[in-house]
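**Student:** Have a look at this one.
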Amino acid sequence: MAEVIAETRTNSSSRRHGGGDDTPSLPYMHKVGAPPKQTLFQEIKHSFNETFFPDKPFGNFKDQSGSRKFVLGLQYIFPILEWGRHYDLKKFRGDFIAGLTIASLCIPQDLAYAKLANLDPWYGLYSSFVAPLVYAFMGTSRDIAIGPVAVVSLLLGTLLSNEISNTKSHDYLRLAFTATFFAGVTQMLLGVCRLGFLIDFLSHAAIVGFMAGAAITIGLQQLKGLLGIKDFTKNSDIVSVMHSVWSNVHHGWNWETILIGLSFLIFLLITKYIAKKNKKLFWVSAISPMICVIVSTFFVYITRADKRGVTIVKHIKSGVNPSSANEIFFHGKYLGAGVRVGVVAGLVALTEAMAIGRTFAAMKDYSIDGNKEMVAMGTMNIVGSLTSCYVTTGSFSRSAVNYMAGCKTAVSNIVMAIVVLLTLLVITPLFKYTPNAVLASIIIAAVVNLVNIEAMVLLWKIDKFDFVACMGAFFGVIFKSVEIGLLIAVAISFAKILLQVTRPRTAVLGKLPGTSVYRNIQQYPKAEQIPGMLIIRVDSAIYFSNSNYIKERILRWLIDEGAQRTESELPEIQHLIVEMSPVTDIDTSGIHAFEELYKTLQKREVQLMLANPGPVVIEKLHASNLAELIGEDKIFLTVADAVATYGPKTAAF
């Protein structure tokens, strides 16, 4: 805030109101103070720190010995070294139960999600072994559960298949590892360079629409497995998918597959409903996918339904993740494609993980370090790309189960990873007869909650532009493709920012009866305008992108209000007060715009006055000599001071 210096106005102010000995004395008025002068280096340093280091991450290192700084550095990179000192058996009990619970959910989901990325099922299991271990050591969220997720898997599969149509080729697999590597590099760079604020440019409304569209796209693509269709379109838009479904209705559907898929889908949806109605029964929904896999696998095995057209998983590799370091494209024609796909997938994965982490952190009343999260996510995907994993992030369904199961720390991810490892070593051969229809039903049940109707209705009620952004992303995904929907989501988010920056709101203010408070006359119809004065508030910083608009909008207000007052036979406007409390900054274009505004008003015999400019603004007004041009006595701390000094005598009290 501006430094406030008490200063009594001279008696001439009283005489402006026609006051003599009988005129009530004006209250003390305060002059708008300017902040202390700063050097250019100080200004740059302050701006840099506020932009990149607002959380003062190195504050703990101050006045510490070299050895202590080394320990603090390790704890900063690996938070587990800090909270692990206070870990006890009670916390482990909660983490152990939570880890077992989310493992029972993640194993069948991993098998299904890998198919969305057009990869063999075991790559989903690989990804739920390495990535959670890395995150447990480096992440700051206690509740997030790491692994493959439906939306990122679909996005990755779509983008990769656009580059290499033969998804069974070895180059496709190599490109998947390459994209995962560069997704991790992107995430790590954002964290190291402290550029996490960039992901906030994707608005909540756009994310809601994108996720809903992706969920429907994912669900429609599962009709191939659910109905037993073999000749299915590779396109993801709803028109192509539905055409493919109905063109196969007479000869491509398999009734045994449909029976298996629908039966277990209904079972999964019922368990989700039970868990939703009774939070204590969350485990019913958590273990239901594993139950579906076990029961369906046993059923297919004893009936040999695979001989009658029911497609099964067949072979799943057993053993620990093999190294894939030499599989990544660091040169050649697919390098550029790997970078492009990796950047997009990395940003989407990061956006989803940050949203999930913040949600559960708020529920447990603790905070997460956004930049550390990005570094952790980036590291786990880089390490994952070297160990046969594809892009992983935080899963909302698993994180919700993790939270409800009573997890205390990220150790639940370690427990889950160990269970997945045991599965890779021992159990994978048992999945041979798992029907694809069950994996399809697991995916459909998992993505149902991504269609958030309540959030869409709320967007419509609160902000119609947000609703348009949501629907744009939604229809872009389902009618075109995932990448087009994502592009629309980003474009609309930027369009909203540009619209708000280039067309800021302005408001005419009036005085609330019986007070010295001035508010928007549209919000407060009883607020009274001051005769001979027009008070306008600018609700934005003034930059080159909006300075001309603000100047022209103020002049339009002046013309419109002047015409209305002339019709009502009220005094002409002689003073224009610009309330600048919301104006946090002004650049040279804004200064020039106010100079032009001042000259235009002078020609119309209207005096320009400013009320409550902030410290940055008042400093620039003095530096540009605009304060001298307008007049130091025309710059006030409050609108009430300006009205008391230059307005009608009756308006001051």
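Keep in mind that glycine also has a Cβ here, set from the backbone N, Cα and C atoms.
No curator has checked TrEMBL annotations; they are predicted automatically.
Pasting the relevant annotations from TrEMBL:
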- 523-646: domain 'STAS' (DOMAIN)
- 1-26: region 'Disordered' (REGION)
- 144-160: transmembrane segment (TRANSMEM)
- 172-190: transmembrane segment (TRANSMEM)
- 196-220: transmembrane segment (TRANSMEM)
- 257-275: transmembrane segment (TRANSMEM)
- 281-302: transmembrane segment (TRANSMEM)
- 410-431: transmembrane segment (TRANSMEM)
- 437-460: transmembrane segment (TRANSMEM)
- 467-495: transmembrane segment (TRANSMEM)
**Student:** Let me check one thing: do the transmembrane segment (196-220) and the transmembrane segment (281-302) come into contact, meaning three or more Cβ pairs under 8 Å with sequence separation of at least 6?
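**Tutor:** No; fewer than 3 Cβ pairs under 8 Å.
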**Student:** Most CB pairs under 8 Å with the transmembrane segment (410-431): which of 257-275, 281-302, 467-495?
**Tutor:** 281-302
**Student:** If you count every Cβ pair below 8 Å, which range out of 144-160, 257-275, 281-302 shares the most with the transmembrane segment (437-460)?
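**Tutor:** Ranked by Cβ pairs under 8 Å, first place goes to 257-275.
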**Student:** Pop the mean pLDDT for the domain 'STAS' (523-646) in here, whole number is fine.
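**Tutor:** The average pLDDT of the model in the domain 'STAS' (523-646) works out to 93.
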**Student:** For the transmembrane segment (257-275), could you work out the same-chain residues 6 or more beyond its ends whose Cβ comes under 8 Å from its Cβ atoms?
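**Tutor:** Sequence-remote neighbours of the transmembrane segment (257-275) are 225-228, 281-286, 288-289, 292, 295-296, 299-300, 305, 309-311, 435-438, 440-442, 444-445, 448-449.
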**Student:** Determine which residues of the chain contact the transmembrane segment (172-190) at the Cβ level, with the cut-off under 8 Å and only residues 6 or more beyond its ends counted.
**Tutor:** 117-119, 123, 156, 159-161, 163-164, 166, 196, 198-199, 324, 327-329, 334-335, 337-339, 341-343, 345-347, 349-350, 374-375, 377-386, 388-391
**Student:** Per DSSP, what is the residue count of the domain 'STAS' (523-646) in each of helix, strand and coil?
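**Tutor:** The breakdown for the domain 'STAS' (523-646) reads 62 helix, 21 strand, 41 coil.
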